[in-house]
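*Asks:* For 329-344, the entry in Swiss-Prot reads compositional bias 'Basic and acidic residues'. Annotated region 'Disordered' per Swiss-Prot: 317-344, in sequence order. Feature annotation from Swiss-Prot assigns transmembrane segment to 29-49, 75-95, 117-137, 139-159, 197-217, 230-246, 257-277, 282-302.
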Amino acid sequence: MGLISYFASFLPDVPWHFWGSVDSLLQGLVGACAVSVLYNLMKVHLYIVCLNDPDKQKEAAQLRAQSPIMDFLHLSLLSLLFSLLGPRVGALVVLEFSLRAVSMVLSANKGAQSSQLFLLCQFSLGCGVSCSLDYLHEGAPHRTWNLLLAVGLSGLILWQSRRMCRHVGILYQLHSGERYCGVCLSLLACWRDIPPFLWRALKVAFWVSDLAAVAVINRDFLSTSEAMRFWTPLTICYTLLVIYMQEEQHQNPSEQMAYQTVFVRMGGLLILMMTVGRWADILHIFISLTGELWCLLHAGVMLRLCREQDFAERMSNPRKYPVSRAPKSTREGRTLQRETSLEE
């Protein structure tokens, strides 16, 4: 330690705000790595699903044709957005998505999984990871070194997931038929276990993120009354948003509806921040809107596949998904038929 301090004494002093910017960039990079790992694992799963369906060979070719340059651009853009996004707005995005996800799962099938959620939660997952790191490292003496270690670990996991994704896209068909590759044989046996694994991992991630989000928001308030003035309109706004979006999703579950939902969510959050927030929060909301739209655009083919998969499961399991009651005209026709039979 004495030798390190001796050499460090010759280095120029770095201002504190520089280290704050470096820490924000490292947090954003970890959040972007988490989103990319989720994306790669879902891509592997959906690619194998398409290979097993003769009618989806075109989608399999589209998934296989995605270039590494787009993946690098995806990682770089998300890292920049997460580093610029303030922890306050990031915490609000995490809480809003958690409430919406719980509502979607409960209304769908009493806890059933929806494959669309794995892709709709991408930006919220990155916000949650960045927000959790900001809260957990608040006041830490070696904050930058800890974040560098987190970047190294997340980068290693991302590298392995990308390597598996490229391997599956190029050689899975050959190796699964020849049965001599350990990776492809493992995926051939347990590729259906990828969504349950991601589901459990996302539960833990959002549980930690929600706790960190509440703590990050509450640290700006000096009294309970001030916190209540913020949380009361926030709760009302989020509840109304979830109810509205849930009805729209049931009536029109399309790609256009996914983008419309993003604009409605960010618009509601913008109005709320203009009422009880700060001017910096408004800028961060536009950054969040850019990230949400980019994640949906980048996962367009996969979102369409997930939507079709959810619809097929809903049609194949009518008992799990309750059908609507018979229309009024049908009931009136049955009543008229009974009355006619009684008169005869």
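Including glycine, each Cβ sits where the backbone N, Cα and C put it.
What does the local environment look like for each feature on the list?
*Replies:* Long-range contacts of the transmembrane segment (75-95) within the same chain, counting only residues at least 6 positions beyond its ends with a Cβ under 8 Å from a Cβ of the stretch, are 21, 24-25, 27-29, 31-33, 35-36, 123-124, 126-128, 130-131, 134-135, 158, 206, 209-210, 212-214, 216-217, 220, 234, 238, 269, 273, 277-278, 280-281, 284-285, 287-288, 290-291, 294-295.
Tertiary proximity for the transmembrane segment (117-137) is limited to same-chain residues at least six positions away from its ends with a CB under 8 Å from its CB atoms, namely 23, 27-28, 30-32, 34-35, 38-39, 42, 78, 82, 85, 87, 90-91, 93-94, 96-98, 101, 104-105, 143, 146-147, 150, 195, 198-199, 202, 205-206, 208-210, 212-213, 215-216, 258, 288, 291-292, 295-296, 299, 302-303, 306.
Note on the transmembrane segment (139-159): residues 19, 22-23, 26-27, 29-30, 33-34, 36-37, 40, 75, 133 of its chain, located 6 or more positions outside it, place their CB under 8 angstroms from a CB of the stretch.
The list of residues near the transmembrane segment (197-217) in space but at least 6 beyond its ends in sequence, with Cβ under 8 angstroms from a Cβ of it, reads 34, 38, 41-42, 87-88, 90-92, 94-95, 97-98, 101, 113, 118, 121, 124-125, 127-129, 131-132, 134-136, 230.
Nonlocal intrachain contacts for the transmembrane segment (257-277), taken as residues 6+ away from its ends with a CB within less than 8 angstroms of a stretch CB, comprise 88-89, 92-93, 96, 120, 229-230, 233-234, 237-238, 240-241, 244-245, 248-249, 285, 288-289, 292-293, 296, 303.
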*Asks:* For the transmembrane segment (230-246), give me same-chain residues lying six or more residues beyond its boundaries with a C-beta closer than 8 angstroms to one of its C-beta atoms, as numbers and ranges.
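*Replies:* Distal contacts: 92, 95-96, 99-100, 103-104, 107, 217, 221, 261, 264-265, 268-269, 271-272, 275-276.
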